[in-house]
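J.: Structure incoming, see below.
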């Protein structure tokens, strides 16, 4: 068994006392990131989007490309996580790897973009599950029922409450749920693909799966369509920083945290490729899939390839898989809120970093996150493309927060003087530079329009919302926060042997 005393001593050197209960195993930590990535959730929600933004050729080869560059980002993050295993994760890393005059600003901007991304990605996962439940009901009614936007939003809010309740049950239940979830994340995509291929009356050709290009966007530029089509894969590969945010509750955190990040990406990459290729081979009628009455292309693929009862069964299995993803996302998100408010960076911080005295979990942060998820679903009542905007916000917000500490490390290598057990050695800088180039590309890419001509209905509002957060966060810092926010600060007291990360640090 890992020595938690050593973990607590390392946490103290980072400036924090042990407040959360440290009960999670390395496998559970891995499961948190795997469940947050959740192949079945990300790909199911955006499978139809992928079919019209480049089609099968972009979905298959784009997945491989995105998986490679995501692994580069994951490796760069894992190396930093190994040296600084704390719930604050990215915003703490940005502070530790910045010069004194830039610590507070780097930490502030990283924290807010990470919080934006965490909330948006979880809202997106919950919303996607709402659509899946609606599609399952549609299949059960022989396609006579189509859920209205109001019904989808009501399901969304109910799901947010359900994961909030489950996350309030304490670390022992959390450990059990994550163990089951990790297995479920691997079994579900294989089950769906095997059943579809076994029962499908016809199979698509390899030429269709690996070379067929489709463009239903109205955009004339093929390169533009291909780049926009990468959103399907890149949205799925988000949230793997969850392993870092759970390190204060994980045994042997300096090893388990980075291993969780890297292994989650690797396993998800292999599983996701199998899932995409298998479902593409199982498509019976491309046109019926993209114009499905169920509202979800995956549901139509299952219905066409199997039968009503089998399709319902597979959809229920998939919905359970996605519920686990929602739960895992909330775990990570609530820890970000807890850690960020612990350092006084959020409005009413004193509320959000409170720990339940018996369960030792951030209960208030948990419910704040659930409220935010519910609010983000409301625009769907007036704009059916709101979900695509949410996915873009999630991708941009998270990857900007991933990139800032990597840039800080590259610019200030002397501040990364003591790598952790997981380090890249002489490959560190190369991996870091590749990561930054990729993050810059996708940040620009996902504010582009996803359909032409651009209208108020199909506009990609991610650029507006991310810009609002950028100017809001920086404006707040420039006008006010620079006077009182000093970056991550110790909660231990005046222990002289504790490294205090502040604006005046040496």
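Cβ atoms are placed via backbone N, Cα and C, with glycine included.
Model, not experiment: these values are computed from the prediction.
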J.: So which range, 261-283, 284-306, gets flagged transmembrane segment in TrEMBL?
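T.: Residues 261-283 are the ones TrEMBL records as transmembrane segment.
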J.: Please identify the range among 16-38, 430-452 that TrEMBL labels transmembrane segment.
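T.: Of the candidate stretches, TrEMBL labels 430-452 as transmembrane segment.
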J.: State the residue range annotated as transmembrane segment by TrEMBL; the candidates are 222-240, 241-259.
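T.: That would be 222-240, per the transmembrane segment entry in TrEMBL.
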J.: Counting CB pairs under 8 Å, which listed stretch among 115-139, 151-169, 312-340, 361-381 touches the transmembrane segment (61-94) the most?
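T.: The listed stretch sharing the most Cβ pairs with the transmembrane segment (61-94) is 312-340.
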J.: The transmembrane segment (312-340): which same-chain residues, six or more beyond its ends, come within Cβ distance under 8 Å?
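T.: Non-local partners: 31-32, 35-38, 40-41, 44, 86-89, 91-92, 111, 114-115, 118-119, 121-122, 125-126, 128-129, 132-133, 135-136, 139-140, 159-160, 162-164, 166-167, 174, 177-178, 180-181, 184-185, 188, 191-192, 195, 239, 241-242, 245-246, 248, 298-299, 302, 306, 346, 349, 352-353, 355, 361-362, 365-366, 368-370.
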J.: Using Cβ atoms and a strict cutoff of less than 8 Å, what residues sit near the transmembrane segment (151-169) while being 6 or more residues removed from its termini?
T.: 126-127, 129-131, 133-134, 177, 323, 326-327, 330-331, 334, 359, 361, 363, 366-367, 369-370, 373-374, 377-378, 380-381
J.: Near the transmembrane segment (430-452), which same-chain residues lie under 8 Å Cβ to Cβ, leaving out any that are not at least 6 residues past its ends?
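T.: Same-chain residues near the transmembrane segment (430-452) but 6 or more away: 49, 53, 69, 72-73, 75-76, 217-220, 224, 227-228, 230-231, 234, 388, 392, 395-396, 399-400, 402-403, 406-407, 409-410, 424, 458-460, 462-463, 466.
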J.: Restricting to the same chain and to residues at least six past its boundaries, which positions have a Cβ under 8 Å from a Cβ of the transmembrane segment (361-381)?
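T.: Same-chain contacts beyond the ends: 20-21, 119-120, 122-123, 126-127, 130, 149-150, 152-153, 156-157, 160-161, 163-164, 167-168, 170-171, 174, 330, 333-335, 337-338, 341, 351-355, 387, 389-390.
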